[in-house]
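Enquirer: This is the structure, below, for whatever I ask next.
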Amino acid sequence: ILSASRDDSIRQWTREGEPVGRPWKSNGRVRSIAMSPDESMVVSGSADGRLRLWNIREGSMVGNPWEGHSYPVRCLDWSPNAQEIASGSGDGTIRRWNMNTGRQIAPPIETGHGRVCALKYSPQGDKFTSGGEDKVIRVWSKDGELLVEIEGHDAQVASLCWSKDCAHIFSASYDGTIRKWRLIDGKELVVFRGHTNAIGSLCLSPDESHLLSAARDYSVRIWDLKSNQQVGDPLLHDDVVWVVDISPDGKYIASAGLDGHIYVWSLEAALEHAGYDHVCVFIHCYCLF
């Protein structure tokens, strides 16, 4: 597990909660991180507007920080072919970077979001979607052409993910809802309700059977995509939960937030038994990826 924190560090952990090596110091409050598809590199975005590339095995920064954004880097994603990285910032722009040179590939995209809070490449890598404080979801070609504009949320769009066939987009918002959209025309298909406060993070299980969400109501919730209903009991923290993710094999959920812990849950146990006796607690962290 990799975690990033407002204490300026990035840390590695085993699933059992043991630290791996020393923390990586970024010299800037870390706001976002993303792992490369081959799991060899991590890119981080900081409050100073810079991106930094890290070699996971060596635990060291590669080259110099990448400069371009004028406000904190709030979201990051790797293209599926691992050749480029997209970043979204409080300056309202999305920028694309060559991961080998750290240089921008094209002029910045002026998104119209205000702060860009969510960014995700499609599984095919030919487009990406973004969301922000203007409550709108936008889908862009890789070259920055606006393809689709989707409206429906009542507050900031905080997290996004794609179905594997690229037919649907899922979004989470500070309005407390998760929504499923049809890409071709932006039609809203499903609204998932259950959280009682702003949702900050969303992810899709590898087999696309479940959605996972994390919110300011101190909970992680699991949603069945056949019934479009919440399943199991909420997985509770002692404070706001900022982020949730799932392991590549779909067996484990990791979540983290303001209570200073990372929790690892068995998805199977959470679905069958509400899972509270299957929690491992890891000290540290404000953000987790």
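Here the Cβ of each residue, glycine as well, is placed from N, Cα and C on the backbone.
Annotations per TrEMBL:
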COMPBIAS  1-19  compositional bias 'Basic and acidic residues'
REGION    1-25  region 'Disordered'
REPEAT    30-64  repeat 'WD'
REPEAT    66-107  repeat 'WD'
REPEAT    109-141  repeat 'WD'
REPEAT    150-191  repeat 'WD'
REPEAT    192-233  repeat 'WD'
REPEAT    237-268  repeat 'WD'
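So that I understand the layout, could you describe where these features sit and how close they are to other parts?
Expert: Each residue in the compositional bias 'Basic and acidic residues' (1-19) gets a DSSP state, and the totals come to 0 helix, 9 strand, 10 coil.
Note on the repeat 'WD' (30-64): residues 2, 4-6, 8-10, 12, 21-22, 24, 70-78, 80-82, 85, 87, 89, 91, 97, 99, 102, 287, 289 of its chain, located 6 or more positions outside it, place their CB under 8 angstroms from a CB of the stretch.
Residues 29, 31-38, 41, 43-53, 113-121, 123-125, 128, 130, 132, 140, 142-144 of the same chain, all 6+ positions outside the repeat 'WD' (66-107), place their C-beta atoms under 8 angstroms from a C-beta of that stretch.
Secondary structure by DSSP for the repeat 'WD' (109-141): 0 helix, 19 strand, 14 coil.
In the predicted model, residues of the repeat 'WD' (150-191) average a pLDDT of 97.
If you look at the repeat 'WD' (192-233), the same-chain residues 6 or more away from its ends with a CB under 8 A from one of its CBs are 155-156, 158-164, 170-180, 239-246, 248-250, 253, 255, 257, 265, 267, 270-272, 274-275.
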Enquirer: Are there residues at least six beyond either end of the repeat 'WD' (109-141) with Cβ under 8 Å to its Cβ atoms? List them, or say none.
Expert: 71, 74-81, 86-90, 92-95, 147-151, 153-162, 164-166, 169, 171, 173, 175, 181, 183, 186
